[in-house]
């Protein structure tokens with residue numbers, strides 16, 4: 001069984017506070033995005049698999065410590081569950097790797113906006129594989145998502161037009177590579193979510209079971225990929241595994257633990273409706289953090305695309321809640 005310990009002591013007013021859970025969830029999301037961008041956005045860093053390995057290792061270590069302290073419970077490793085969950089871990093590695101590659105080339109606001117395209121793939125995947133349906137309001141949110149992506153692209157082009165020719169050509173090549181990795185990530189993310197839904201029904205996993213198995217099974221896959229595809233020469237290791245990079249990777253890993261923990265916390269002390277709305281609203285501060293901390297395009301189209309992406313998230317969250325409240329046919 002996987003469960004989260006609820007504090008009933010002196011700090012119970014914090015542990016049961018809706019606003020605190022929402023702030024913690026938003027802060028964790030922003031922290032993870034910003035720290036990841038700090039690492040992958042550097043021209044010096046080229047060991048993404050090592051970064052992902054470090055993040056998964058931090059997650060596993062944190063879960064083991066939390067379990068030892070009695071704050072969480074999760075299912076121990078066993079052959080049957082490992083066999084059933086291995087494909088999910090492979091998809092997780094592909095999803096996180098392509099996400100990191102996209103984040104390397106794209107500005108945080110653009111990355112956040114294009115990430116919404118995954119919602120469309122998942123929705124129609126559920127129609128194909130689970131007999132779901134898409135409501136008119138959901139379709140409206142999808143149109144807003146596509147529109148926000150188009151406007152974001154136009155904003156990028158407007159920013160490029162102001163650069164010298166050589167710099168503009170280099171930036172265009174980088175953006176095209178980023179778009180490729182972003183669309184690949186959307187496909188991997190949709191497959192991950194859709195197949196994981198089936199496997200959760202098979203294994204009866206709870207939240208912390210999923211988190212533990214996702215990360216611990218990813219460790220050997222990530223290390224193998226690193227040894228196969230990355231440069232483990234002394235000079236490259238010295239350039240990549242500096243004290244600053246290691247600290248940022250640890251912080252990012254802890255932030256991912258925080259996101260998972262705060263997700264369950266938020267649902268427990270508020271409601272699934274509030275949580276879904278927070279997920280939609282959280283797109284705005286993440287995108288704005290990219291404008292604040294990094295050299296992202298700052299023109300009308302770029303800002304407007306963030307607003308459209310934010311609006312599409314709200315419309316989609318409301319549409320999902322309305323659909324869930326309707327009686328099944």
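Residue 1 is the first one shown; counting continues down the chain.
The backbone N, Cα and C atoms fix where each Cβ goes, glycine too.
Since the structure is predicted, the reported quantities are computational estimates derived from the model, not experimental observations.
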Identical membrane-side domain name, residue 78 and residue 298, from Swiss-Prot: no
Where Swiss-Prot places N-linked glycosylation site when the choices are 116, 240: 240
Region pair the transmembrane segment (80-100) / the transmembrane segment (175-195), three or more CB pairs under 8 Å: yes
DSSP residue counts for the topological domain 'Lumenal' (236-245), split into helix, strand and coil: 8 helix, 0 strand, 2 coil
Same-chain residues at least 6 apart in sequence whose Cβ lies under 8 Å from residue 240 (N-linked glycosylation site): 44, 45, 46, 47, 50
Paired segments the transmembrane segment (246-266) and the transmembrane segment (45-65) in contact, 3+ CB pairs under 8 A: yes
Candidates 45-65, 175-195, 215-235, 299-319; stretch with most C-beta pairs under 8 Å toward the transmembrane segment (134-154): 299-319
